[in-house]
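Novice: So TrEMBL lists the following for this protein:
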- 1-35: region 'Disordered' (REGION)
- 9-18: compositional bias 'Polar residues' (COMPBIAS)
- 19-30: compositional bias 'Basic and acidic residues' (COMPBIAS)
- 43-61: transmembrane segment (TRANSMEM)
- 73-94: transmembrane segment (TRANSMEM)
- 124-144: transmembrane segment (TRANSMEM)
- 151-170: transmembrane segment (TRANSMEM)
- 182-204: transmembrane segment (TRANSMEM)
- 225-244: transmembrane segment (TRANSMEM)
- 250-269: transmembrane segment (TRANSMEM)
- 281-302: transmembrane segment (TRANSMEM)
- 314-338: transmembrane segment (TRANSMEM)
- 396-418: transmembrane segment (TRANSMEM)
Amino acid sequence: MAARKRASTDSSAQTKPNENTKRPKPKEPPLTDPPIAPPKSGVIFKLMLFFSIPYFYLIFYHCKIEHELRKSILINAALGLAGFFVTVKMIPVASRYVLRRNLFGYDINKKGTPQGTVKVPESLGIVVGIVFLVLGILFQYFNFTADSNWLVEYNAALASICFTVLLGFVDDVLDVPWRVKLLLPSIAALPLLLAYAGHTTIIIPKPLIPHVGLEVLDLGWMYKLYMGLLAVFCTNSINIHAGLNGLEVGQTVIIASAILIHNIMQIGASADSEYKMAHAFSLYLVQPLLATSLALFSYNWYPSSAFVGDTYTYFAGMTMAVAGILGHFSETLLIFFVPQVLNFLLSLPQLAGIVPCPRHRLPRFDPGTGLLTGTNDGTLVNFFLRRFGRMTEKSICICLLVFQAIACCFCFVLRFFLAGWYK
């Protein structure tokens, strides 16, 4: 830009053109065919088929859901499905623009191979975030009235998510330091915390009631502090449990699916209208998240043709945190996040500065064999590689996603056995 300015200044010194003369604008390069590989439709079709079977079984057969509430859930699902196709179409378009603005990266886990020299567009989580927010706004027309008690919190949730998308994109562009990254989600959570008008109480577990002397404890402002810390943890935990093709989006898809099933089961099992609405509120956020994430997963799965960036990891973490907070199942949400908790505990010495922390805490790639070797960096990826031996990037990602699914299934089993005894 500086060179262009100097050329413009020199020419104006020689001949002063008429101010009304229109200068021809430089032509931008034409938008040709998408520079990224087409979506992996076969993988996504299998995933959608796998998730849709238990979903429709719970919605139409197993759970007793009122007609109006089921109608709202299905409208939200239809909007999510539309968002899936829009996202699939928009990602190649957005990739051309981010490549033209030099927002690309090289796949470090393929360094030394031809794939390691390919420019992969980054920050394409911005597409998912924008489509999600549009769907969230449109859904208000079908579900909420002007005097709805949930409308304020719903808009506050969308504002927090929108703020998170903005801060994530800023992080992708400006490369914000780690110490600042930890604070960004707390700022983004402010609209939700200030608009929250729900209860600030917790139910004391039955085994502890004789010792505490209370069945319900009002935490007051401490509950909102807990909400803010939960939002910070969920957002950053997705961000640091990353580094493999498909890992960030894959873990989001699995957790979002678990949240979706949990919400439907709780709606069908409860007779309390407010309790049902809390879980329906959470479900209205999770269904579009799952649909748009599946669209991104079709490009991000190995071998990745699009990088999600911090924009997506922030967005996904905040959305699931908001769903858990306003759905009043933060304990269950934390159990869904068990792999992320373990990854955070492994990462804590490096994040705290006790142990040196490199910029990329990735395993070592051997271009001769195509295998990854675990390093001493404190991540779950490296821990799995040290424990189970060298693997390909696709294999270690599948192992971690299976571990994520096992953690979510463990949560459902735990809730089943503790029901009626713990609370």
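Including glycine, each Cβ sits where the backbone N, Cα and C put it.
Model, not experiment: these values are computed from the prediction.
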Novice: Do the transmembrane segment (314-338) and the transmembrane segment (182-204) share at least 3 Cβ pairs closer than 8 Å, excluding pairs fewer than 6 residues apart in sequence?
Specialist: yes
Novice: Below 8 angstroms Cβ to Cβ, which residues of this chain, lying six or more residues outside the transmembrane segment (182-204), approach it?
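Specialist: Same-chain contacts beyond the flanks: 152-153, 155-157, 159-161, 163-164, 167-168, 171, 176, 212, 214-224, 227-228, 231-232, 235-236, 278, 314, 317-318, 321-322, 325-326, 328, 423.
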Novice: For the transmembrane segment (124-144), find every same-chain residue at least 6 residues outside the stretch whose CB is under 8 Å from a CB in it, and list them.
Specialist: 72, 75-76, 79-80, 82-83, 86-87, 90-91, 94-95, 98, 150-151, 154-155, 158, 161-162, 164-165, 168-169, 284-285, 288-289, 292-293, 295-296, 299, 306-313, 315-316, 319
